[in-house]
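Quick look at what TrEMBL annotates:
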- Asp66, Val69, Gly71, Asp73, Ser75, Glu87: Ca(2+) 1 binding site (BINDING)
- Pro162: substrate binding site (BINDING)
- His192: heme b binding site (BINDING)
- Thr193, Asp237, Thr240, Asp245: Ca(2+) 2 binding site (BINDING)
- Cys34-Cys114: disulfide bond (DISULFID)
- Cys67-Cys72: disulfide bond (DISULFID)
- Cys120-Cys313: disulfide bond (DISULFID)
- Cys199-Cys224: disulfide bond (DISULFID)
- 24-317: domain 'Plant heme peroxidase family profile' (DOMAIN)
- 1-23: signal peptide (SIGNAL)
- Arg61: site 'Transition state stabilizer' (SITE)
Amino acid sequence: MAMPRVVAFVLLLLSLLGIACDAQLSSTFYDQTCPTALTTIRTVIRQAVSQERRMAASLIRLHFHDCFVQGCDASILLDDTPSMIGEQNAAPNRNSARGYGVIHKAKTEVEKSCPGVVSCADILAVAARDASFSVGGPSWTVKLGRRDSTSASKTLAESELPHFQESLDRLISIFSNKGLSARDMVALSGSHTIGQAQCFLFRNRIHNQTNIDTGFASTRRRTCPTSGGDEKLAPLDLVTPNSFDNNYFKNLIQRKGLLETDQALFNGGSTDSIVTEYSRNPTAFKSDFATAMIKMGDIEPLTGLEGQIRNICGAVN
């Protein structure tokens, strides 16, 4: 190989390595390659939430459950294959994670204008932001440029996502392992103000625990008996279940947290003061929620030459 060609090859190799090593997320990532991406995604999310208000919470949760397993790489969207058991049927996701169809629709619409450009991981991140804003929650600037994983892991999903009966110390540890503080954790938990939970997730709390308002427990028992009705839904915020506000934290102070992990945030522990602050200052809560969502979106993204841009979010190209 002639010397000039060798030099050119080495420079190209170094350039590619630089892309892989130094690539960073940027809010302007698609400005040139797909300028209509964000408006297209926003339209799909608004339509979905207008049809079903609960979908906003589901999309935020879907992004969260993606980022906590292998990083924000859209691995949660991958369907099972003969050689891979994915995350959708892991215990924390099975019959509870929702919004896959909405993300697939957003991807389909974006592909019409910009085929092979926008990652499913970025669509998840943007969808979570738009879902929050569509129900009165905060908005934030989403950093973009993630690429999609070519693998998923049921095992990791079951070991790294928090369980609904975790202790406060365990919750703090799980979030800390992902680079998120206790304050981030409490702020992110505030998205439960627009969420719902299945009966089997809170049955033990309403029937067996004592750190719960008796009237609240009695109300919830009417639709969640000691046996049966496992999939019956109840709002995590009984007061304003369709609005992104700070009533979730007011509920915790009144011992009306529906899940054990909800009430753990205000039960004589280190996060009591944060819950109290958010219950009194909705502006602080929404600001911290937006900050925490940005930090969560930074968890181990694939960038540069890593991963791929999946043409269909449920399958590897």
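Think of each number as a place in line: the chain as shown, counted from 1.
Quick reminder: no glycine exception, Cβ is built from N, Cα and C everywhere.
A TrEMBL annotation is a machine prediction, not a hand-curated record.
Distribution of TrEMBL features across the structure.
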residue : record                : Cβ contacts under 8 Å, 6 or more apart
Asp66   : Ca(2+) 1 binding site : Cys72, Asp73, Ala74, Ser75, Ile76, Leu77, Ala121, Leu124
Cys67   : disulfide bond        : Lys178, Met296, Gly297, Ile299
Cys114  : disulfide bond        : Tyr30, Thr33, Cys34, Thr36, Ala37
His192  : heme b binding site   : Ala57, Leu236, Asp237, Tyr248, Leu259, Asp262
Cys199  : disulfide bond        : Thr223, Cys224, Gly229, Asp230, Glu231, Lys232, Leu233, Ala234
Thr240  : Ca(2+) 2 binding site : Thr193, Asn247
Among Cys120, Pro162, Asp245, Cys313, which are recorded as recorded positions, the nearest neighbour of Val69 (Ca(2+) 1 binding site) by Cα: Pro162
Rounded to the nearest Å - Cα separation of Arg61 (site 'Transition state stabilizer') and Cys120 (disulfide bond): 15
Intrachain C-beta neighbours of Glu87 (Ca(2+) 1 binding site), sequence separation six or more, cut-off 8 angstroms: His65, Val69, Ser75, Ile76, Leu78, Asn93, Ala152, Ser153, Lys154, Leu156, Ala157
Same chain, 6+ residues apart, C-beta under 8 Å of the C-beta of Cys120 (disulfide bond), given in sequence order: Ala74, Leu77, Ile103, Lys107, Asp148, Arg310, Cys313
Residues flanking the Ca(2+) 1 site, with Cβ no more than 8 Å from the Cβ centroid of Asp66, Val69, Gly71, Asp73, Ser75, Glu87 and excluding those residues themselves: His65, Cys67, Phe68, Gln70, Cys72, Ala74, Ile76, Ser149, Ala152, Ser153, Ala157
Residues that sit under 8 angstroms from the residue listed as 'substrate binding site' by C-beta distance, when 6+ apart in the chain: Pro92, Arg170, Leu171, Ile174, Thr261
